[in-house]
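Beneath this line is the structure, given in structure tokens, with notes to follow.
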Amino acid sequence: LKCYGIFRKIMTCPQGQNICEKFAYSPMHNGWMYSWGCTSNCHKGPLDKCCSTDLCNY
């Protein structure tokens with residue numbers, strides 16, 4: 001599965017990894033924080049976006 005984010009043109013990942021959506025809990029943001037990052041375990045989430053965690057499915 002190859003999927004890319006909107007930053008694919010300005011962000012490069014190591015070989016075998018893709019740019020994916022990531023969600024992480026951030027107390028500073030008082031909740032879930034959305035970000036992008038490189039990961040090798042992508043799966044296709046909503047709107048054909050690349051996700052790195054199951055949280056992307058909601």
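Note: Cβ is positioned from N, Cα and C throughout, glycine not excepted.
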As recorded in Swiss-Prot, which of Cys38, Cys42, Cys50 forms the disulphide with Cys13: Cys38
Euclidean distance between Cα atoms of Cys20 (disulfide bond) and Cys13 (disulfide bond), Å: 10
Cys20 (disulfide bond): secondary structure state under DSSP, collapsed to three categories: strand
Among Cys13, Cys20, Cys38, the most crowded of the disulfide-bonded residues [Cβ within 10 Å]: Cys20
